[in-house]
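Okay, structure first, notes after.
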Amino acid sequence: MSEKGRLFTSESVTEGHPDKICDAISDSVLDALLAQDPRSRVAVETLVTTGQVHVVGEVTTTAKEAFADITNTVRERILDIGYDSSDKGFDGASCGVNIGIGAQSPDIAQGVDTAHETRVEGAADPLDAQGAGDQGLMFGYAIKDTPEMMPLPIALAHRLSRRLTEVRKSGVLPYLRPDGKTQVTIEYEDDVPVRLDTVVVSTQHAADIDLENTLTPDIREKVLNTVLDDLAHDTLDTSSTRLLVNPTGKFVVGGPMGDAGLTGRKIIVDTYGGWARHGGGAFSGKDPSKVDRSAAYAMRWVAKNIVAAGLAERVEVQVAYAIGKAAPVGLFVETFGTATVDPVKIEKIVPEVFDLRPGAIIRDLDLLRPIYAQTAAYGHFGRTDVELPWEQLNKVDELKRAV
């Protein structure tokens, strides 16, 4: 039965959004530590509010210089985002930075360093030695909506947010400020995106900017039209799109002065925009021994390769772990009726092609590197502006052979 007129919405935010400032700070601290000590154990949470940054968590590392320089790392990232003046409501050079970081719990460390398989079962494989850093469930997803195999609403929302930042930093629209949000509503027929219904852009701006005569036309021409021209989607009608710019009327007070921010509060923005399920774990500030992060990346890798191999047009995969255990305790594959082979067979070959033990994920995706700060805004998946290891299509042939 045909389903018409269904509207699905996803949102994105810019790097100047308060929650994203926190994600960026947490991941910048992580990268600084990994650059000096790839085996660093890091769990860093950040809070920002008017004039203040608080960085807390647990860290075990030999990167003494990077650890001692965390305050400067925080300031540099805030300034890079664009908060460099009290006129913008926040200044990385003069804000208060408070650090409260302790060591990783030894009870957690023992389960990660010596997994149950090694400690109790006597396993000799080195990859059985590293246990999951926590229990939990993680999802991965891929779909043929876009070349990057992401749901179109979140892919388009991210492109708009990135463009907002580009026109601000390049001086095309110099009156814009760092804080901003985008939202995209798309009409679907039988799971095919057919029409771009509504785009909402809320962007912080200088105080003297006219909404109707300056901001709205500039956003339409320099942001929306540019992104749509670049997107060039085959089935999407954009001729009647409604654009709403700053529906409150103005957006002068923004960033941490407008709202407090916290690490890990944009997990749907970070993943699939609500189109796929989420296990609940945030990414930023966590080293790859935390399966919240590394296993979610691995499952995106699995899903994307399944779709690229032609085994399904869209797929969602779930993995689950017990703390201190190396082997997953659960694996689930859902193809939504789009599989070209028996879905049971897909589920069977996934663990044959992909080693989902934490140590193997870290090895195969080369995750002990300072690559995380670039993921802190505009999504962790389907990125078209940076190369990320979990986006590689290096298992397609192996999957085809396996079926």
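Backbone N, Cα and C define each Cβ position, glycine as well.
Spatially close to His17 (ATP binding site) yet at least six residues away along the chain are Asp179, Gly180, Lys181, Gly261, Lys266, Ala377, judged by Cβ distances under 8 angstroms. In three-state terms derived from DSSP, His17 (ATP binding site) belongs to neither a helical nor a strand segment and is classed as coil. Per Swiss-Prot, ATP binding site is recorded for His17, Asp179, Gly180, Lys181, Lys250, Phe251, Asp259, Arg265, Lys266, Ala282, Lys286.
Asp19 (Mg(2+) binding site) is surrounded by 22 other CB atoms, counting those within 10 A of its CB over all protein chains shown. The feature Mg(2+) binding site is assigned by Swiss-Prot to Asp19, with sequence analysis given as support.
The annotation L-methionine binding site is assigned in Swiss-Prot to Glu58, Gln104, Asp259, Lys290. All protein chains shown were included, and the count of other CB atoms within 10 Å of the CB of Glu58 (L-methionine binding site) stands at 16.
The region 'Flexible loop' annotation in Swiss-Prot covers 104-114 and is backed by sequence analysis. Model confidence over the region 'Flexible loop' (104-114) is summarised by a mean pLDDT of 75.
Here the candidates are the binding-site residues Asp19, Lys250, Asp259, Lys286. The one whose C-alpha lies nearest to that of Gln104 (L-methionine binding site) is Lys286.
Considering only the binding-site residues Asp19, Lys250, Asp259, Lys286, Glu58 (L-methionine binding site) has Lys286 as its nearest partner by CA-CA distance.
For Lys290 (L-methionine binding site), the nearest neighbour among the binding-site residues Asp19, Lys250, Asp259, judged by Cα separation, is Asp19. Mapped onto three states, the DSSP output places Gln104 (L-methionine binding site) in coil.
The distance from the Cα of Asp19 (Mg(2+) binding site) to the Cα of Asp259 (ATP binding site) comes to 9 Å.
In this structure, Gly180 (ATP binding site) is part of a beta strand by DSSP. Residue annotation for L-methionine gives Glu58, Gln104, Asp259, Lys290. The furthest Cα pair among them is separated by 30 Å.
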